[in-house]
Structures are given as structure tokens and as C-alpha cells.
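Enquirer: Handing you a structure now.
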Amino acid sequence: MRRRQNTGEKSKTTRQEANERSADSHAKSSTRRRDRRRRRRRKEGRRRGGRRKMGHPQQHGALLPKRIILLRHGESEGNLSPSAYATTPDHKIPLTPVGAAQARAAGDRLRALVAGGGGEWRVYFYASPYERTRSTLREIGRSFGRGRVIGAREECRIREQDFGNFQVVERMKVVKETRERFGRFFYRFPEGESAADVFDRVSSFMESLWRDIDMNRLHTNPSHDLNLIIVSHGLTSRVFLMKWFKWTVEQFEQLNNPGNCEFRVMQLGEGGEYSLAIHHTEEELREWGLSSEMIEDQKWRAHARKSEWNERCPWYLDAFFDGFADSDDNAGEEDDCC
């Protein structure tokens, strides 16, 4: 009886040891597989990194678009006659024949711009869901071969400011006069939005845009120059620039609306910052309503390194204070970046 018990205990011990050895072997095998995967990822990262260093700045490890282009739609029936809004919903206002021709011409100009530097390039489009912006995009697309277009996406957050539902001309005239007295950015239209409301949804869109870039949803080949073209509306484009460049409400209210099918080109500078001053002239920036200080900041951005602090840019700090207390406390002086 005792021998059988000892034999059973030995057999049980042997099975436990075998199970432990099997588990150890499995764990070591899993570790080896993880190590191999890590080595492959590091090798792939070094290979891609070497290609990106050849003129392709990065943000958080992602390949940045060479250009982000904001384009307003072509001439619409509402631009021609405000009475169109009294009988047709804003989102269904179509282009005029002139507007369609403007869009086709804009497509030719855009292609010449993105192809002008030579090399391989691609475009990706975002468009407001309104009829006039979708039609503008359709006409622009005639200037690009299918192989050059990575994709297109309808994006509701870059739609026009909501001015209410059907807009009676006499009433809207009074409402817009009130807006001028109240302030263009904070005035909310009855049954509609303020520019501040548009700012909030454009901010949300920009977060999604960065996620698309970070996760490489838009660009498959790092040797190609990527151009993002956003087909939207006048106020929405101005709000986009305000958010991107951290302009104040006062600076926003000095900006002029772009004309139909005019576009603003934010081009990537040598240090990884985007600037309007790379493609556009100082005279153009002044025509748009940028102040001398805003223009100087754009020129600085054309050569600045990412996350550098522009000490001469007053709306980053000085515009908020009349002065600081006299102190010998030097804490924080070495931290120069914003």
C-alpha cells in the first residue's frame, strides 16, 4: 500500500515537473518571437527613417504633408443673389456656370502648384457636404489623374457657418447689421451659429486630421509629397487659420474673406513649421488682412524649427500683460519653448 502511494506521488511530481518545463519552454519561445518582431520593427523603422530624412519632416514620427491648401467654393447662386437663401436651403445652393468654370480653373492652378517642384506627389481632398463645395471638388478633380488622388472625404465639421434656416433678405440685413455692432466672432445668428461655434467644430476636425496623419491613413509611400486640399467656405477657412496659427479674436475680425475659388497655401518650412509666407507674397498677406506682426510671424515660421518659441510674437505673451513684477527669481528662464 505504501509503495503504491509513493509511486503515485512520484508520478504526480514527474507530471508537475514536465508541465513546468513545458510552460517555461512556451514562455521562452514567446519571448523569442517578441524579440524577433521588435528587431524587425526597429529595422523597418531605421529603413523608413533614412528615407524620411531626405526632405520629409516628421511630427511624432509621422510624415507631414508638404502643403495644406484651403480653398473656397466657386461662385454660387447665393453669392449672385441673397434672395436664393429665402427659398433654397443653404446646403443645397448650387454653383453658377461661372462658379463651375472658376472651379475648373482652380483645379489647373492647384495641379500646377503641387506638380511644380517635380518629383512624386499625391493629393487628398476633404470637402464640406454642401452642394456648392461638392460641385467645386468635382470640377477640380478633372485636373488630376486617378493615380494622383489618394482619396476624398466628406467632412461635416468644415461646413459653412449656419445662418439659420430659410433666410429672408430683409431680416438678414438687419441681423447682419446687429452682428457688426456685437462683434463678428461671438455673434450667434438666430437659429444658427456664431464664428465661435465654428471654431469649436473646426478644432475637433483638426484633431482628427492629426490622427489621420499620425496613423498614416492618408499616405502610403513616404517618398511622395502629400498635399491636403480642403474645399470649404470663406469663414470656415479663416477660422481654420485662426486656430492653426493661434490668432486672437481681434486678429480674426480683421481678416478678409477669400474670393470664390481663391486658396490659401500653408506650406511646410525647412524646420517643420507651416507658413503662409512660403508660397504667398507679403502683399497678398496684407490684402487678406494680416497685420505687420502677423506677417513677420509667418516669415519666421518659414524657417523655424518645430516647437521653437517666437519671442517677438506679441500675442503669445505680451498682449496679455502690462508688465511683470520686479524679481530676481530666474525660475523658468531656461524653458523657452511654448
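Positions of Cβ are set from backbone N, Cα and C atoms, glycine also.
So TrEMBL says this about it:
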{"type": "REGION", "residues": "1-63", "note": "region 'Disordered'"}
{"type": "COMPBIAS", "residues": "29-55", "note": "compositional bias 'Basic residues'"}
{"type": "BINDING", "residues": "Arg72, His73, Gly74, Glu75, Ser76, Glu77, Gly78, Asn79, Arg132", "note": "substrate binding site"}
{"type": "ACT_SITE", "residues": "His73", "note": "active site, tele-phosphohistidine intermediate"}
{"type": "ACT_SITE", "residues": "Glu160", "note": "active site, proton donor/acceptor"}
Enquirer: The record lists Arg72, His73, Gly74, Glu75, Ser76, Glu77, Gly78, Asn79, Arg132 as binding substrate. What's the largest Cα to Cα distance among them, in Å, rounded to a whole number?
Expert: 15
Enquirer: Can you grab the distance from Arg72 (substrate binding site) over to Glu160 (active site, proton donor/acceptor)? Cα atoms, rounded to a whole Å.
Expert: 10
Enquirer: Going by Cα-Cα distance, pick out whichever of the binding-site residues Ser76, Gly78, Arg132 is nearest to Glu160 (active site, proton donor/acceptor).
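Expert: So, of the listed binding-site residues, the one sitting closest to Glu160 (active site, proton donor/acceptor) is Arg132.
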Enquirer: Going by a 10 angstroms cut-off between Cβ atoms, which of the recorded positions Arg72, His73, Arg132 has the sparsest surroundings?
Expert: Arg72
Enquirer: Counting other Cβ atoms within 10 Å of each residue's Cβ, which of the binding-site residues Gly74, Gly78 comes out lowest?
Expert: Gly78
Enquirer: Can you give me the residues near the recorded substrate site, meaning same chain, not Arg72, His73, Gly74, Glu75, Ser76, Glu77, Gly78, Asn79, Arg132 themselves, Cβ no more than 8 Å from the center of the site's Cβ atoms?
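Expert: Near the substrate site, beyond Arg72, His73, Gly74, Glu75, Ser76, Glu77, Gly78, Asn79, Arg132, sit Leu80, Ile93, Leu95, Thr96, Gly99, Thr136, Asn260.
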Enquirer: Measuring Cα to Cα, how many Å separate Arg132 (substrate binding site) from His73 (active site, tele-phosphohistidine intermediate)?
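Expert: That comes out at 6 Å between the alpha carbons.
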Enquirer: Taking the Cβ of Ser76 (substrate binding site) as the centre, how many other Cβ atoms fall within a 10 Å radius?
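Expert: Neighbour count, Cβ to Cβ under the 10 Å cut-off: 23.
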